[in-house]
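Visitor: Please read through the structure below; I'll follow up with questions.
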Amino acid sequence: MSQPPVAVLGAGSWGTALAMHLARQGHRVRLWGRDPEAMAAMAEANCNTRYLPDAPFPPGLEPTADLDAALRESSCWLVVVPSQAFREMLQKLAPYRDDARVLVWATKGLEEHSGQWLHQVVAEEMGVNFPCAVISGPSFAKEVARGLPTALTVASTTPGVAERVAEWFHGERMRVYLSDDVLGVQLGGAFKNVLAIAAGISDGLGFGANARAALITRGLAELMRLGDAAGARRETLMGLSGLGDLVLTCTDDQSRNRRLGLALGRGESLDAALAAIGQAVEGARTARMAVSKAAELGVDMPICHQVHRVLYVGHSAIEAVGELLGRDQKPEF
């Protein structure tokens, strides 16, 4: 008897790449997207023609715009939609929920209007005891789609769920580590995007490798302070979903957040930079949440504050750098 299919909900680059990986692991995968024309084009071309045109789908991957068809009989729901669409997606899933299914999300960010972590949104929409997990780590869609080696972390507080999800993803080219620090895994994955914008701004200004290394290191200190105040574990933030994702996103131009920063550092406007990227840039939204969480928890996050000022207060990139460098001296730790 064949295994139940996996429903991957969100057919952007990351959702498509994860769907391809799961199909290569031998799973039947239904990749859902809301645009019928786009999904029909994927089915005809056997690839995601918009985001990953050079990565043909493996056997077992079925694109569809029919949500009922995607969810029917599925054992796992993998949600890979932008954070602002996360709650709406869960509301569509709620009528199908039962204890035999597992909800996994690979979305990075917080809910913008409420400031809630995504696990809090899951609890509100699906119930506090619904089996769920978050998967995150240093990973670019193009590399996962090509089957290049990748390591991720899956976190759940539901007994046995992290192990079950890890078994689905673990393979020759993907290693999956286990955690029960759901908050810590989300925190690193969300706020590193803001720091990647900062690193991009620095490089766009031509400030070089020294400045980039300083931003990554002091950015990690901001993540650690926020994690301490929020209740995350420090070792989580030193792992794949924290430091690993931070280094990757700050140093490689595959990162949309870094590319946004590069454009801003070179003097482009926010609107023009976002239009040129053409996909969701989670760090631009999360910058607001960083400032809000820092104020709520009484945490000093100067780099994130300066990114917010460049994005939304009208500060120039060079003004932001001056304010960071002009801060009072203090101990490193």
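Placement of Cβ uses the backbone N, Cα and C atoms for every residue, glycine included.
In case it's useful when we look at the structure, here is the feature table from Swiss-Prot:
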type	residues	note
ACT_SITE	Lys192	active site, proton acceptor
BINDING	Ser13, Trp14, Arg34, Lys108, Ala141, Arg256, Glu282	NADPH binding site
BINDING	Lys108, Gly137, Ser139, Lys192, Asp245, Ser255, Arg256, Asn257	sn-glycerol 3-phosphate binding site
Visitor: Could you measure between Gly137 (sn-glycerol 3-phosphate binding site) and Lys108 (NADPH binding site) for me? Cα positions, answer in whole angstrom.
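Guide: Gly137 (sn-glycerol 3-phosphate binding site) to Lys108 (NADPH binding site), Cα-Cα distance: 10 Å.
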Visitor: If you draw a 10 Å sphere around the Cβ of Asp245 (sn-glycerol 3-phosphate binding site), how many other Cβ atoms fall inside it, taking every protein chain shown into account?
Guide: 27
Visitor: Filter the recorded positions Ser139, Lys192, Ser255, Asn257 down to the ones within 10 angstroms of Trp14 (NADPH binding site), Cα to Cα, kept in sequence order.
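Guide: Within 10 Å of Trp14 (NADPH binding site): Ser139.
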Visitor: Among Lys108, Gly137, Ser139, Lys192, Asp245, Ser255, Arg256, Asn257, the annotated sn-glycerol 3-phosphate contacts, find the widest CA pair distance and round it to a whole Å.
Guide: 16
Visitor: Rounded to a whole number, what is the top Cα to Cα distance in Å among the residues the record ties to NADPH, namely Ser13, Trp14, Arg34, Lys108, Ala141, Arg256, Glu282?
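Guide: Taking every pair of listed residues, the largest Cα separation comes to 22 Å.
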Visitor: Give the number of CB atoms, excluding that of Glu282 (NADPH binding site) itself, located within 10 Å of its CB.
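Guide: Summing over all protein chains shown, Glu282 (NADPH binding site) has 23 other Cβ atoms within 10 Å.
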Visitor: Taking only same-chain residues 6+ apart in sequence, whose CB is under 8 Å from that of Ser255 (sn-glycerol 3-phosphate binding site), what do you get?
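Guide: Non-local contacts for Ser255 (sn-glycerol 3-phosphate binding site): Phe140, Ala196, Gly200, Leu248, Thr249.
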Visitor: Find the one among the recorded positions Ser139, Lys192, Asp245, Asn257 whose C-alpha lies closest to that of Ser13 (NADPH binding site).
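Guide: Nearest by Cα distance to Ser13 (NADPH binding site): Ser139.
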Visitor: Using Cβ-Cβ distances, find the residues under 8 Å from Arg256 (NADPH binding site) that belong to the same chain and are at least 6 apart in sequence, listing them in sequence order.
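Guide: Set apart from Arg256 (NADPH binding site) by at least 6 residues yet with Cβ under 8 Å, we have Ile277, Gln279, Ala280, Val281.
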Visitor: Which residue, of the binding-site residues Trp14, Arg34, Lys108, Ala141, Asn257, has its CB surrounded by the fewest other CB atoms within 10 A?
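Guide: Relative to the other binding-site residues in Trp14, Arg34, Lys108, Ala141, Asn257, Arg34 has the fewest Cβ atoms within 10 Å.
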Visitor: Can you give me the Cα-Cα distance between Glu282 (NADPH binding site) and the residue listed as 'active site, proton acceptor' in Å, rounded to a whole number?
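Guide: Cα to Cα, Glu282 (NADPH binding site) and the residue listed as 'active site, proton acceptor' are separated by 10 Å.
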Visitor: What's the number of neighbouring CB atoms sitting within 10 A of the CB on Ser13 (NADPH binding site)?
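Guide: Excluding its own Cβ, the number within 10 Å is 23.
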Visitor: Counting only residues 6+ away in sequence within the same chain, which have a CB under 8 Å from the CB of Lys192 (active site, proton acceptor)?
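Guide: Spatial neighbours, sequence-distant, of Lys192 (active site, proton acceptor): Gly219, Leu223, Gly242, Asp245, Leu246, Thr249, Cys250.
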